[in-house]
């Protein structure tokens, strides 16, 4: 068996560049397929066409309008849902009575796939922004609530006892002991809430079709067989998701910096 | 637990019986009481719902009565619509889940075992994972049409991502000592993988599988709402189009029920699968 030349071995490429190999290869094959002229499907657009459509949408301002609308919706729903989840999680975490009354029911509701609520929400709130924000809020609520509850439940008993001995008031106990101790769990909830809120933003724009947004860019592109706009939408959706996760990661590192001291 | 005790509890002298005959009633939460108290809220909601429907506080087109929903449910069950659509959804989840779990497991094992593979593939994987299922939907509709393949691929994507990530993390969390012991015993690579690494990573892998199945169900309902002519999600669309909200609510109840059963099923399997962990102690 002949060994391939050394520079072709996968380990020969510096690690920082390795991640780029597959994406570059895919884009190259994509471009090569276009340049060969063999693929005649109207759905097969060239990489350049996608860039052109992006520039066109930027020039006319449509892109910013759609991005802005989607982001505003997403953040409004996320804020409402995460805040509700956080509050309810802390309350149920602090009181056995409240937990025993509400948690079994909430657990049952949790099992309903969130998208199943869309038709009801559309009947109750219409097809506009109110319905969308309500739906996004519902999607963000569950992870925030579940993780906060388990975080508060998981606060070590000793910490609470120390706070008692020091004569902390209830508000002090929550603010100084319980919230900081539950913060890592709360943050995994916030992460998930961000991801779910973004998924729900797309879902709400697909299903509650009134208005503009990135979701409408995608569905319109699909209906008009504009693969360039669809691909642009996919890329944007990924970038925004990435941005949100990065932002949440930064915030978490900032808020939990006391843990590393 | 946190709120029932007073701050700084001090020993107090027993109070005279005449002055305070009954002791303060305290919750102790035996199982029976817990079940009873858990019923208060849903029964209250149900009562409120029934009252709202009966007195027509809201139009019946917007909120049908519980009895109507129950009737719709039994009608769907008798006509066979329910079983047919539920079976369609069920097989889609199973197919997509199987495909996604196998792919995710292979990717996760690759990421966990080979840093070379990880360096090359992980960034692309991450980029694909970053776009939620619904972001891929229009793209895949253009590529695959609205056939079964579309649903299976999307469900598989929803499952693959958490399974791969959790498998990777599970493998990395296998203690180095285990690997050393295996090496001393002269385990082959295959033995090392099947006897040490995979069992050690099982809790992580299982986490991914559970999360993946929840995700699969979520994705499937979304796809069926958007691009399907069968399935439980379609039942909702159908009811909505005919303004039969009782059918919509009945389908919502069923979807919740299926989610619940899936979750319970997995936790039962988990107890069996991870039994060895407890047997060790």
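Here the Cβ of each residue, glycine as well, is placed from N, Cα and C on the backbone.
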Per TrEMBL, the transmembrane segment among A:177-199, A:200-222 spans residues A:177-199
Is it true that the transmembrane segment (A:75-94) and the transmembrane segment (A:177-199) have 3 or more CB pairs under 8 Å, sequence gap of 6 or more?
yes
Sequence-distant residues near the transmembrane segment (A:230-251) by C-beta distance (under 8 Å, 6 or more away from its ends) are 45, 50, 53-54, 57, 67, 70-71, 187, 190-191, 194-195, 198, 202, 214, 217-218, 221-222
